[in-house]
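In what follows, a single structure is set out as structure tokens and then discussed.
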Amino acid sequence: MKLSVWTYEGPPHVGAMRVATGMRGLHYVLHAPQGDTYADLLFTMIERRDRRPPVTYTTFQARDLGSDTADLFKTACQDAVARFQPEAIIVGASCTAELIQDDPGGMAETMDLGGIPVIALELPSYQRKENFGADETFYQIVRRLAVPMDRTARPTCNILGPTGLGFRHRDDVTEITGLLADMGVEVNVCAPMGATPSDIARMGAAHFNVLLYPETGEAAARWCEKELGQAFTKTVPMGVGATRDFVAEVMALAPHATRPSEDALRLPWYAASVDSTYLTGKRVFLFGDATHVMAAARIARDEMGFEVCGMGCYNREFARPMRAAAKEYGLTALITDDYLEVERAIEDAAPEMILGTQMERHIGKRLGIPCAVISAPVHVQDFPARYSPVMGFEGANVIFDTWVHPLVMGLEEHLLHMFREDFEFHDAAGPSHHGGKAVARQDSAGALPRTPGYLEKDEAERGADVVTWLAEAEAELKKIPFFVRGKARRNTESFAAERGVREISVDTLYEAKAHYAR
Amino acid sequence: MTQMPPPPATGCSATPVLKQRGQREVFCGLTGIIWLHRKMQDAFFLVVGSRTCAHLLQSAAGVMIFAEPRFATAILEETDLAGLADAQDELDAQVAQLLARRPDIRQLFLVGSCPSEVIKLDLARAAERLSVAHAPHVRVLNYSGSGIETTFTEGEDACLASMVPVLPETDARELLVVGALPDVVEDQMLGLLRDMGIERVRCLPARRADDIPSVGPNTVFALVQPFLGETLAALTRRGARHIPAPLPFGDEGTTAWLQAVASEMGVAPARFAEVTDAPRARARRAIAAATETLNGKSVFFFPDSQLEIPLARFLTRECGMTAIEVGAPFIHQSIVGPDLALLPEGPTISEGQDVDLQLDRARAARPDLTVCGLGLANPLEAEGLTTKWAIELVFTPVHFYEQAGDLAALFARPLRRKAKLRLEAAE
């Protein structure tokens, strides 16, 4: 047993739902107890879908346990096919049904369902999670329905991996489809998102595949490579450099392709403009799914000029590439699905900004660190109405805005330094463009407003082995803007500890500042 | 002022109930934890289940999960399924770790789930063993919130019923009010009863372990929620007596509920009127504001929480709505009987669900307002129906006089919004 409050991924059958809900003309018959329909809410509420997910749950109850559950499953299959008339169905079990051993796949295959393809899913609920469920489901569908065929006359590709409930999948697909069109490459089939089973059957006509989301499309991409002779792109086009690399890959796969226009790309100039100078060396911590974290790390370091001070992912399937990527940044990757471990790592790294998931947003809130969301799992506000891809050139523009927004703007940061003793304009008031109530500054005799988190830990909490701050030095530390104060405290303490200094004075603080100057 | 219609001749007491079995679009009882852990301030809820259970809780709890929640899931792993002997040891270890981390916890609930029940993990025995191990500081109880056993609010019923056998014994004549209410509503209720001279009132669940009520042959109890059938039975087994009454929704429901309690406790009619006249008038005024929108509109209830029958009674009798179908996941006749008797004849009363057939009925009826869960709300809106999502009725203060206006407004708001939004070009 593992004690868990918060889980980054749902169970694997939720991944299968993401594939079914992303597609059209496919129905999922899920052997599951009453109550498992809660997952519908993820699609109807978080993604704001305007129809029910194409999932029939058998919703068995205690009184059905025994031989009855198998009949329930068969009836559910027949009713679903009669009512929804899908082109194909996928069948499987949720974690509870896995325990009662009804074998949905075996049962459905022996039934007369009018000859439509029945694809059985084996999703081990007690070992694997949501992303595996999506990847495996899509792979089984492709393996069952796709066949080798003549290539289209014009250069075409398939886009693989976008699903229901995917972080920005809707707009990424639009953006990359546009980018490919600009290069003279048409999209043959985009799947699972938007595809029908008969579209899957046409996948073989494409010249190559674009793998947008390795987490949910890699198994299918590999199968297509082996069975349909289609190479697939290895670079995920997120960020300017990665998009240019992706373009080069596509040009190698489609010899007639032309270079796309970069007229609408604004990130490079925005990052070069003088107001962005203050971004230089800002320490960021990245966490999320491996694909988004690895892409974000490159953007952070090479395109925004940040320093990546920690990175990791929650999906173990990608631990190896993640570790290799982290090495390039001189870091050890954090591979965990325990948010408390992530919280500890963030406290230790003391970053100035977190790029993560919904959980890291809350961790950031608790510790008083700005945060932007770069990866699922996300809440309803990250399924925006406006066009917001994170891939391609417009995606780069979106990323620049999204990441800079939580930070204090350059000029503002500068003024805070100048007027750090100001009575109205001080760090406790927070960034001017965020909803926060202006707090009047306490005079030096009164207590300063405390910000939560590690920035203001009590002496008692910091343990006896820590050096002591003299009152004057503590007061001086309070004058340092809040967004660097935590780091200044740590730097000063380790500087003092290294030199055997037991009491930190104002001088020690400035000695350390000079030592660590960047 | 809205004139209250006279009670119907027979109401829906004798209406045959449409019972359908099939697919159900409902929550399991684990969701009760979301509001129970807020109510019981020193209780911790440990679900023994799968990743699905953890995922459900976080989906239902939304952002609350980060306010240092007092609930968690012990996720079963492959090794736990292989052999049962060590599952108990695993559980002991998890609980010890948990209680070491949270010394403020006084009551621990081991909550059964579908997976734990299918593999027949004996949580009752585990609770007994752990109670001994962690006595006297922590008391460990067990109940099932599994989908195979419980629907949505039945999780609260199972939780309260698990507490009843271990409540201390008393011979005192006391009133016990049963059902988790928001603190503000509970305080209003206690205030009304106190003003009538009823001083000895206890609540189940209590806010803290120290305030746990006693029960015995002289205890009388009233329910403020309709879904407490198991708890009613458990209290009856302890010798306590149930006071039947309509549920305290709206002016009429609240007055009838208070009247039943007051009669039982020997409150003089003059005193009763003195205490209730002013809040009744306030409630009626507040309801009247929403009634402008609701009057003459039809309503269709999908089953969700068992609150459907008393709420349909409120909307039809106090807000002028017409009920087309009132669906409940389960109907406890002994609890909602008084509400059924007041519900004007006409609607289909359904128990259980075959969701696709019920959706067909709703589409055919085209009700003005459809009360349903979040899995159906947006899809029905997209089909042009106006919906009110049902879960809010469990999470929002809606009982007794001062909330009567808010309750009516919850139903009026979607209709007002529908009338407000204009997106066509201004020609």
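Placed from the backbone N, Cα and C atoms, the Cβ positions cover glycine too.
Annotation note: B:C53 ([4Fe-4S] cluster binding site) sits in a helical segment as assigned by DSSP. Taking a C-beta cut-off of under 8 Å and a sequence gap of six or more, B:C53 ([4Fe-4S] cluster binding site) has these contacts in its own chain: B:L30, B:V47, B:T73, B:I75, B:S113, B:C114, B:P115. Feature annotation from TrEMBL assigns [4Fe-4S] cluster binding site to B:C28, B:C53, B:C114.
If you look up TrEMBL, you'll see B:28-401 marked as domain 'Nitrogenase/oxidoreductase component 1'.
For B:C28 ([4Fe-4S] cluster binding site), the same-chain residues that are 6 or more apart in sequence and have a Cβ closer than 8 Å to its Cβ are B:L56, B:S113, B:C114, B:G145, B:S146, B:G147, B:T150, B:T151, B:F152, B:G155. Counting every protein chain shown, the Cβ of B:C114 ([4Fe-4S] cluster binding site) has 33 other Cβ atoms within 10 Å. On the 0 to 100 pLDDT scale, the domain 'Nitrogenase/oxidoreductase component 1' (B:28-401) averages 94 in the predicted structure.
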